[in-house]
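**Q** My questions will all concern the structure given below.
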Amino acid sequence: MSTTPNIGFISLGCPKNLVDSERILTELRTDGYNIIPSYENADLVIVNTCGFIDSAVQESLEAIGEALEENGKVIVTGCLGAKENQIREVHPKVLEITGPHSYEAVMKHVHKYVPRPERNIYTSLVPAQGVKLTPKHYAYLKISEGCDHRCTFCIIPSMRGDLDSRPIVQVLDEAKRLADSGVKELLIVSQDTSAYALDQSKENQNKTVFWNGAPIKNNLITLCEQLGSLGIWVRLHYVYPYPHVDDLIPLMAQGKILPYLDIPLQHASPKVLKAMKRPGAIDRTLERIKKWREICPKLTLRSTFIVGFPGETEEDFQMLLDFLEEAQLDRVGCFKFSPVEGAVATEMADQVPEDVKEERFHRFMQVQQRISAARLQQKVGKTLAVIIDEIDEEGIIGRSMADAPEIDGVVYVDNLSEQEVKVGQVISVSITNADEYDLWGTC
């Protein structure tokens with residue numbers, strides 16, 4: 001009697017990589033493999049790596065090393081897989097290495113070392129939406145792969161290639177399957193969400209296709225309109241500040257997609273932005289933010305910035321602080337510039353000393369924490385829609401429309417009414433308190 005082969009799986013990195021992991025796991029289950037959470041009984045281990053910054057590379061190499069030590073049969077995929085020589089130098093015993101989104105190659109290698117079972121007992125158990133690594137009530141939906149930008153601090157295009165948008169009908173079909181399976185929130189991800197379909201010819205962008213019996217065009221605005229028809233929360237991430245992003249704001253004001261924009265601005269000094277190869281018209285950005293908020297007063301703006309970029313002077317940094325004060329962003333992440341092997345910025349002159357980076361990082365965070373706290377304080381006394389993530393003996397933990405999972409704050413809810421609630425449910429919460437990150441309230 002043959003036994004079902006076991007595959008161990010390690011997923012590292014960002015939400016885009018998580019989606020790749022879900023795709024591979026779905027194919028493994030469809031082919032009849034059993035997925036297990038341990039090295040000990042695995043016939044083979046797959047490590048889906050990250051290679052964005054040096055610390056991520058180190059984490060990936062350590063994970064590969066642990067898998068080799070504990071199991072011995074390891075296949076590597078993901079972003080770091082694009083640098084096969086670097087992996088082989090450290091771990092020559094790895095069986096096979098593939099780059100990111102190489103699903104077919106991964107499965108081919110799995111079949112080579114662990115033949116698929118003759119009798120597949122799992123096919124009927126694979127859900128229509130595929131295997132998901134997120135809680136049942138939210139899911140990441142990747143709409144494109146790769147990036148056409150060449151930001152000097154980033155090596156993603158060298159690992160994931162140029163922009164490659166998925167067909168709009170394929171994206172919408174997956175979104176509908178997720179919604180039909182009980183997903184209440186879709187998190188739209190890619191390397192550059194606002195570039196969706198721009199890699200296609202004008203003819204293809206304007207070509208009429210049909211979905212749900214209706215004619216649609218192949219572009220981001222149409223995609224968001226159709227996603228908004230599913231009756232669930234739709235949250236946009238990684239939105240590069242193209243001019244047509246302005247056209248998304250009315251959809252948010254109308255309630256078709258969440259009034260939430262994750263738009264990585266990276267800096268505010270024109271000189272630094274030019275060195276980064278990022279858009280540098282910061283005054284125009286402030287004008288757009290003002291206009292967006294006029295159209296959609298409930299808009300939440302999230303952004304990320306880099307301090308200590310090569311050549312950043314105290315004057316440049318002060319421009320960044322001044323921008324924070326004027327823009328009054330709701331949610332902000334800050335990173336100290338980290339040299340990445342292969343990135344143009346790593347070889348630039350005028351590298352900023354680590355102690356200066358650290359000092360600027362703390363000054364940045366002090367300013368933004370004060371701004372964030374003040375903006376959250378404005379929500380005290382209001383009633384917000386909150387999606388429930390957890391329920392325990394201490395109460396409810398959820399998120400408002402302004403909070404993406406894992407990167408933003410949460411809402412702690414005291415269920416004074418003792419109403420029956422469940423994870424994934426959207427409830428009305430009266431906000432009673434706030435700090436610089438989180439909210440507290442009652443229902």
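Glycine is no exception: its Cβ is also placed from the backbone N, Cα and C atoms.
What Swiss-Prot records for 5-115 is domain 'MTTase N-terminal', and it gives sequence analysis as the kind of evidence. Under the heading [4Fe-4S] cluster 1 binding site, Swiss-Prot lists C14, C50, C79. The domain 'Radical SAM core' annotation in Swiss-Prot covers 133-374, and the record cites sequence analysis as its basis. Feature annotation from Swiss-Prot assigns [4Fe-4S] cluster 2 binding site to C147, C151, C154. For 377-443, the entry in Swiss-Prot reads domain 'TRAM', with the evidence type sequence analysis.
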**Q** Look at the binding-site residues C79, C147 and tell me which residue has the greatest number of other C-beta atoms within 10 angstroms of its C-beta.
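**A** Neighbour-count leader: C79.
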**Q** In Å, rounded, how far does the Cα of C79 ([4Fe-4S] cluster 1 binding site) sit from the Cα of C154 ([4Fe-4S] cluster 2 binding site)?
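**A** The separation of the Cα atoms works out to 12 Å.
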**Q** Excluding C14, C50, C79 themselves, which residues in that chain have a Cβ inside 8 Å of the centre of the Cβ atoms defining the [4Fe-4S] cluster 1 site?
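**A** So the extra residues in range turn out to be L12, G13, K16, N17, T49, G51, F52, A56, G78, L80, P100.
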**Q** Based on Cα distances to C50 ([4Fe-4S] cluster 1 binding site), point out the closest of the binding-site residues C147, C151, C154.
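**A** Nearest candidate: C154.
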**Q** From the Cα of C14 ([4Fe-4S] cluster 1 binding site) across to the Cα of C147 ([4Fe-4S] cluster 2 binding site), what is the distance in angstrom?
**A** 15
**Q** Neighbourhood of the [4Fe-4S] cluster 2 site (C147, C151, C154): other residues with Cβ within 8 Å of the Cβ centroid, in order?
**A** H149, R150, F153, I155, I156, P157, Q191
**Q** Report, in whole Å, the straight Cα-to-Cα distance of C14 ([4Fe-4S] cluster 1 binding site) from C151 ([4Fe-4S] cluster 2 binding site).
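**A** Roughly 18 Å, rounded to the nearest whole number.
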**Q** Rounded to a whole angstrom, what is the C-alpha distance between C154 ([4Fe-4S] cluster 2 binding site) and C14 ([4Fe-4S] cluster 1 binding site)?
**A** 14
**Q** Around C14 ([4Fe-4S] cluster 1 binding site), how many other C-beta atoms are within 10 angstroms of its C-beta?
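**A** A 10 Å sphere around the Cβ of C14 ([4Fe-4S] cluster 1 binding site) contains 18 other Cβ atoms.
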**Q** Let me make sure I understand the structure: which of the binding-site residues listed (C50, C151, C154) has the fewest other Cβ atoms within 10 A of its Cβ?
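**A** The binding-site residues C50, C151, C154 were compared, and C151 has the fewest Cβ atoms within 10 Å.
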